[in-house]
């Protein structure tokens, strides 16, 4: 059993993710979801301030790999588990949301930005693991699997979709890290750093609350 894709079900001749009819809307979806404000991009912004764009690449790569692995897991049966036992998805969604709230509180209370040559506070594997408590990542991958993946050759198609999602996520998240690097010099001032920390914390909360109140599984076809 697997998700019945709501977009593809009206296009019975579509067999592969590489067909332009499905590829174009999927890439637009992937770009808009990965470049828009959210927990991953808030972390990338903060990382860019602290260690610059180059130092943030482990974080960026981990985010891309994490969402790709998450989407593959959905294709290999996790999506079926969510459909059969919706409470499992609710636990992840609510637990992840409250984790991000606590993370936002920690950022809001942090001090001025200082020049640093250290690595990003969340490295590659930390970013991979973070996706499993990131409600926006779940919203992206569950919605994509439920909407865009052709049912024929399902495993192949969801593997292609996972790879494409990762490729789109890399530049989308990198833009936020680059923006953080541009802000670094300004944020050595305590007042500006305070405003920045509160803004990032607000960004995390604002991007988490709608997901906490909603349900990404509603996007699937019954």
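Quick reminder: no glycine exception, Cβ is built from N, Cα and C everywhere.
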Per TrEMBL, the range holding transmembrane segment, considering 60-79, 80-99, 100-119: 60-79
Remote residues contacting the transmembrane segment (191-213) - C-beta distance under 8 A, at least 6 residues beyond either end: 37-39, 41-42, 45-46, 49, 93-94, 97, 100-101, 103-105, 107-113, 135-136, 138-139, 183
Tertiary contacts of the transmembrane segment (154-179), as residues 6+ beyond its ends and Cβ separation under 8 Å: 2, 16-18, 23, 26-27, 30-31, 34-35, 40-42, 44-45, 47-48, 52-53, 56-57, 59-61, 63-65, 67-69, 71-72, 74-76, 140-141, 144-145, 148
